[in-house]
Every structure is written in structure tokens, then in C-alpha cells.
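The following features are taken from TrEMBL:
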type	residues	note
DOMAIN	6-113	domain 'HIT'
BINDING	31, 87, 93, 94, 95, 96, 102	substrate binding site
ACT_SITE	100	active site, tele-AMP-histidine intermediate
REGION	144-173	region 'Disordered'
């Protein structure tokens, strides 16, 4: 079951079932085609293309949400580090004109076979990370499915064979799981005093 009944859009795409955390001004979603396990996105609720278009309140909420989500994904995906990236504008590789931060949990030598730790930057710039293309392909697949009178359509083959788009059901299950993990973190923080000590 989706975390919210409100329709949540990422650019022009409805992503309500992918939402695992939502605040007054921001939301976090699981990724259709994650670069590494746990790769998620955090975006402002208001659709604006560039970071400078956000209000002070939106910037504050976005980065507090990035911090909270980062802590959780690093924990649940057993990361030892994180990549946090914002591609701010088309010439920086932004494929959906809606501000969003990529949060990618990392482990030692997780990209050794691709050239090492910094390979993630090339991956972020590749077609593999083109969110607009991926979401449009997902929409086309959904339309094909409807046109075939209930036959189960498969996503078209894209990019490399190792990274296939996930189904709506897979993303929704992950979103539900991560929502539970976010709730655990919020509960743990709530049980701590202002000085960081645990209340008895």
C-alpha cells in the first residue's frame, strides 16, 4: 500500500507507489533502475528544475531529508560510505527537470570490476542513469500492456543486460520496507534526549 494517498510526481511522472518518505516539502523514492543496491532519490515536492529555484525552506527541508534518508540507507544496505549527488541542470547530466539528490550507499571495492570507486561518476552520466528515458520507457510499457488486453508486457531492452528496470510491485515492496526502516530511525531519534543520550 502506498505511503500516501496524495499523488506525488517527479517531473511529469507519477511516482506515488515509489515514495517511502514524505515531509511537508520533500519526498524520497526508490529508483526504477538503481546504479547500486539502495540507490534512492530525494526531491522537493514542488517541481522546479534547478536548486536555485528552491525557497530557503525547501532547501533546508531537502537537505535534512537527504541527511535522514542517507543515514537509513547506509544502515539497511550495510554501506560504509555514501555518494550524494545533485545534477543541477541539463549540462550537468540532469535528465528530469525536477531537483533531485541521488543517494547511493557504497561499500569497499563495490565497483572494482568497473574501474574502482570513482566509476560511479561515469555511471551517473551514462544512459544507465537517464531517469527521463527510463520513466518514459516505463510509461510506454504500461501503455503497451493496456493495449494488449491484459497480457503482461515486459519492459523494452535498454542499456546493459545487468541492470533491468524493476516492476511497479518490486519498487512498491522496497518503498514499503524502507518506509518501515525510516520509521525505526525516527522512533530511535525520538527516544534520545537533546544531548544525544537515550531516555530511560
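Backbone N, Cα and C atoms are what each Cβ position is placed from, and that goes for glycine too.
Keep in mind it's a predicted model, so treat the numbers as computed, not measured.
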Sparsest-packed of the listed binding-site residues (31, 87) - C-beta count within 10 angstroms: 87
Sparsest-packed among the recorded positions, when each Cβ's other Cβ atoms within 10 Å are tallied, from 100, 102: 102
Distance, residue 94 (substrate binding site) to residue 100 (active site, tele-AMP-histidine intermediate) (CA atoms, angstrom): 9
Residue 93 (substrate binding site): tally of other CB atoms within 10 A of its CB: 15
